[in-house]
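Presented below is the structure to which this report refers.
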């Protein structure tokens, strides 16, 4: 799929948070997609016509970006183009949680991607504010299936192990690097990358599993370079962009169907 992505170079429209916009754009370019970064409400209809997919990230949410996201969903949905929602921090505030629910109620979201706390909060399950470090009675497999069923989406839960579900099947994806949790924007770029893969119009469940595996493998490859050069967080960020731009052979990442 990565080869096809690089041949097609899909245009991915991002309504993302201001902290990570440059990193997300560079990451998409490294993968082989073309980034478009805009949250101007007046141009949502025009951009929906020329873009191949939309990624919405609520990391720096405000009243204007809420209206922008709603307007964008309306136009992308009308054109039957894929939309990824990354409900960043939706378990942390009423505004984020309420906005996420409103966007999901549009029934235009194709993929809902987040950590355990974020996805859990959208189905009434408390997993703690940090998500990845939380302890909860409901398993990740149960949460991701429930999310997919409730909102009729492909649910993607990221963490040390990723889980992807269409409400029936669940795939787990292992591998990756601990450094992903130590840089800003890894999850935001992941959501944009999900949108780029969806634009290829392949089976969405398989596409998301493949994307998660490739992303984790690139992170693993970057970590090896960090170790070889006695680096740390900063060098990982640059090696990760390099790894995304190179051919990615799945060696460390494993996709497994859960029963």
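Residue numbering: from 1, along the chain as shown.
Just so it is clear, glycine is given a Cβ too, placed from its N, Cα and C backbone atoms.
Taken verbatim from Swiss-Prot:
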- 37, 185: substrate binding site (BINDING)
- 113, 158: ATP binding site (BINDING)
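Feature annotations (Swiss-Prot) mapped to structure.
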residue	record	CB count, 10 Å
37	substrate binding site	16
113	ATP binding site	33
158	ATP binding site	29
185	substrate binding site	21
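Separation of the C-alpha atoms of residue 158 (ATP binding site) and residue 37 (substrate binding site): 23 Å, rounded to the nearest whole number.
Across the fold, the C-alpha of residue 113 (ATP binding site) and the C-alpha of residue 37 (substrate binding site) stand 19 Å from each other.
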